[in-house]
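Listed features, source Swiss-Prot:
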- 10, 16, 17, 18, 97, 98, 99, 100, 145, 146, 147, 148: FMN binding site (BINDING)
């Protein structure tokens with residue numbers, strides 16, 4: 001049975017375009033997979049703590065099996081989020097682009113799930129760090145909305161897009177390399193122009209729902 005983990009990063013709730021597009025995909029996908037499990041994790045309207053000193057000390061404790069109870073508590077949410085990632089086959093991330101990057105809640109989620117010894121490993125080869133991803137066989141779909149035009153591949157503003165390219169990098173680092181991005185652009189442009197972009201994104205998501 002397929003299991004999909006949906007990460008919603010917009011703080012706007014029902015007014016969010018990226019969230020609505022992602023839910024359009026989910027609805028179509030569930031029609032084709034009625035027995036599948038869908039888990040929604042809210043990171044835009046719920047607080048995901050930023051990494052702090054206590055988290056770093058606990059995450060890099062030299063003997064993970066012997067962590068004190070206080071350190072285990074510092075990593076409890078992170079352990080839960082990592083467990084969710086391993087427990088699902090498919091990852092769906094809906095996010096707007098804010099100031100050229102992702103919202104802080106999504107950044108915090110990524111920081112919580114990129115964990116040494118859990119989602120990636122680290123060794124030294126002649127003193128040079130070598131990294132090994134520990135997630136395998138998973139796919140991801142990123143659904144994003146952008147205020148302007150031209151932030152996609154080949155676009156005039158592509159170099160300013162540090163949102164979905166950064167997500168690709170972070171996901172690839174832990175082993176999720178099969179990543180598809182669907183974007184709606186132009187919310188700050190004319191209403192009709194944005195509507196066309198949204199319609200195109202919706203159609204692509206409906207097509208993906210048949211194959212994802």
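Glycine is no exception: its Cβ is also placed from the backbone N, Cα and C atoms.
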Same-chain residues at least 6 apart in sequence whose Cβ lies under 8 Å from residue 145 (FMN binding site): 16, 17, 18, 21, 96, 97, 183, 184, 185, 187
Structural state of residue 145 (FMN binding site), classified by DSSP into three states: strand
Intrachain C-beta neighbours of residue 10 (FMN binding site), sequence separation six or more, cut-off 8 angstroms: 16, 18, 19, 44, 45, 94, 95, 96, 103
Nonlocal residues around residue 147 (FMN binding site), in sequence order (Cβ under 8 Å, 6 or more apart): 97, 185, 186, 187, 188
All-chain count of other Cβ atoms within 10 Å of residue 97 (FMN binding site): 22
